[in-house]
Amino acid sequence: MIRTEEMILNVGPQHPSTHGVFRLVVKIDGEIITEAKPVIGYLHRGTEKLAENLQYTQIIPYTDRMDYLSSMTNNYILCHAVETMMGIQVPERADFLRVIAMELNRVASHLVAWGTYILDLGATSPFIYAFRDREMIINMLNELSGARLTFNYMRVGGVKWDAPEGWIEKVRDFVPYMRGQLKGFHDLVSGNEIFLDRVKGIGKYTKEDALHYSLSGPNLRCTGVKWDLRKDEPYSIYNRFEFDVPTSEEGDCLARYHLRLAEIEQSLNILEQAVEQFPAEGEIMAKVPKIIKAPKGEAFVRIESPRGEIGCYIASDGKKEPYRLKFRRPSFYNLQILPKLLKGENIANMIAILGAIDIVLGEVDG
Amino acid sequence: MIEELLQSSPGWANFAIFFLLGAVLLLIVLGFVTYGILAERKVLGYMQLRHGPNQVGGKWGLLQTVADVLKLLLKEDIIPKAADKPLFIIAPMIAFAPSFMVLATMPFTDKFQFADIGVGLLYYIAVSGLTVFGMVLGGWASNNKYALLGGMRAAAQMISYEIPLVMSVLGVILLTGSLNLNEIVTHQEHGWFILLQPIGFIVFFIASIAELNRTPFDLPESENELVAGYHVEYSGFRWAFFMLAEYVYLFAMSALITVVFLGGWLAPFSFLNFIPGAVWFALKFSVVVFIYIWIRATLPRFRADRLMEFGWKVLLPIALANIFLTALLKSLFF
């Protein structure tokens with residue numbers, strides 16, 4: 001009589017495909033997963049607690065390190081929250097710079113998601129093509145902010161640096177180039193039989209599940225919910241631009257893959273219009289007091305980061321430090337559905353499903 | 001010459017000659033492995049917008065692999081505490097030995113061949129099937145869950161893909177009427193088997209990639225799922241032996257495809273006969289190796305269960321149909 005037994009497999013914290021220090025304890029029967037338990041917290045730095053002893057401007061570098069693939073949106077959410085509390089009107093030129101920076105960063109973030117996802121599925125080359133194009137964005141943002149990844153670019157009331165000479169033209173030239181590249185990406189991967197075999201119908205969930213698990217971003221839109229805060233609750237100057245919110249009905253890994261590429265396209269549309277309407281001159285900082293003190297009270301704002309809805313809650317007692325700061329970090333919420341999705345799948349699908357959720361561990365652990 | 005030696009009575013002189021020839025072949029193979037790895041890294045590099053090795057040994061990185069091997073030799077030999085020590089030690093050897101043994105029957109030119117045995121093709125396929133023992137044993141003996149999963153996958157994959165591999169060459173054997181590799185080559189004087197047996201070639205090529213454990217069939221060692229699969233616990237020279245086996249198989253399989261489907265040492269047209277056979281062999285062989293590297297740069301990896309389905313439900317029926325078709329055509333036209 002053959003005796004079989006279940007095996008507990010520890011995937012991570014050091015594993016090539018967990019995108020950082022993420023650990024997944026899976027019970028497997030052969031290669032079939034019967035139970036999965038994510039273990040997080042290896043990258044926890046206590047951003048929210050640290051913030052309680054920091055002035056608002058000092059918190060901005062910490063937000064860079066949460067979702068390190070999309071630091072610009074994180075910068076923005078904090079500044080936006082403080083500006084909302086203090087009622088600061090941001091100058092137009094600063095708003096444009098912010099939007100351009102955020103959309104460039106969104107493209108860069110989705111490129112990383114695309115490249116690493118294909119890498120997870122075993123193809124090595126597309127990863128490098130994605131990073132080549134991302135490098136161009138990183139260089140542009142470097143020229144703008146002086147950093148490649150942790151930009152620390154935005155300030156309460158505006159942005160730190162004005163665009164250097166010729167920078168806007170560079171962004172303008174980048175848009176058609178990236179459109180061409182996107183076509184190449186589709187040609188290279190989207191129609192590949194093996195790729196389709198790996199992602200079609202895998203990691204499927206319904207609209208109800210997505211809403212119950214509080215998913216957001218492409219993870220929500222892949223089930224057909226048309227919800228993008230840039231459109232539904234316009235912040236900054238997003239209401240001035242024409243763009244679509246791509247959705248699809250399938251709710252599987254393939255849908256999420258296609259949505260991310262479609263979102264790059266929409267971001268390029270926004271960039272094109274933003275560069276077109278970019279004001280020739282103007283202030284980049286509003287008049288803000290030297291020491292920023294949010295008035296007594298509380299505020300919650302939310303925006304659309306590449307990974308979903310990022311929110312910031314500030315409770316202030318009128319001092320120069322927040323009394324309590326809380327971030328709604330989309331990766332953390334998106335990750336919740338993972339144990340449900342993994343049940344009954346095999347090891348190869350586990351990697352495909354985890355990759356399609358597109359988590360950033362700095363954000364999951366806060 | 002070798003024929004005479006094989007016929008003559010055994011003696012020390014004969015032994016010495018064979019030993020010497022064996023050493024020469026080993027050096028050729030090691031030379032190929034050294035520069036095959038370099039070529040793979042260079043080609044992959046250029047396909048991926050990189051330069052590949054370009055520091056050690058001039059701008060072409062000619063000594064990179066040598067340096068890597070020396071590093072592996074100097075590394076500490078780690079055997080995990082919980083591992084099954086004898087099996088752990090013997091597994092890389094079991095994996096490597098058959099890869100070198102299969103080269104014995106390979107006719108590189110009409111003169112340069114070690115053993116011209118009647119069932120050369122069968123010998124190749126039978127002996128190369130032994131390597132999977134090394135992988136499974138290595139995976140089992142490591143006492144590591146990833147290694148075990150990798151070993152399991154290796155066993156399943158090798159067995160499933162060996163069958164279409166054998167079935168696809170049956171068409172060639174039907175046409176030749178022989179399992180002897182020399183005869184298979186001489187039979188192709190008026191047309192390579194890649195033209196006469198296109199279906200067989202495609203099935204054989206796909207199955208050979210699976211046999212070689214290369215992308216898109218590199219499941220036993222899939223880095224992104226099983227970290228490194230069956231050799232996850234191996235380090236230093238034991239690990240190098242697994243790698244060596246893999247690249248020697250790349251050498252052997254490319255040579256076999258050259259012999260069976262691309263006409264071996266024969267020139268494509270008879271007016272090109274003045275170029276020596278060894279050159280033709282090397283050229284065709286290099287093209288096959290390049291295609292293997294090319295595929296690696298392009299495709300994502302199969303999923304384990306789909307791999308099985310593909311092997312049993314697609315490749316095998318096609319290979320069987322190919323046999324019937326070949327038999328039918330042969331009985332009608334030849």
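Any Cβ shown, glycine's included, is placed from N, Cα and C.
All annotation found in TrEMBL is predicted automatically rather than curated by experts.
Annotated in TrEMBL:
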TRANSMEM  B:12-38  transmembrane segment
TRANSMEM  B:87-109  transmembrane segment
TRANSMEM  B:121-140  transmembrane segment
TRANSMEM  B:161-179  transmembrane segment
TRANSMEM  B:191-210  transmembrane segment
TRANSMEM  B:247-268  transmembrane segment
TRANSMEM  B:274-294  transmembrane segment
TRANSMEM  B:314-333  transmembrane segment
Maximum Cβ pairs under 8 Å to the transmembrane segment (B:12-38) - stretch from the list B:87-109, B:161-179, B:274-294, B:314-333: B:87-109
Long-range Cβ neighbours of the transmembrane segment (B:161-179) (under 8 Å; 6 or more residues past either end): 118-122, 125, 129, 187, 193, 196-197, 199-201, 203-204, 206-208, 210-211, 217, 260-261, 311, 315-316, 318-320, 322-323, 325-327, 330, 334
Spatial neighbours of the transmembrane segment (B:274-294) far in sequence, C-beta under 8 Å, 6+ residues away: 36, 39-40, 43-44, 47, 108-110, 112, 209, 212, 214, 250-251, 254-255, 257-258, 262-268
Other parts of the chain folded back onto the transmembrane segment (B:314-333), taken as Cβ under 8 Å at six or more residues beyond its ends: 161, 163-164, 167-168, 170-171, 174-175, 197, 199-200, 203, 206-207
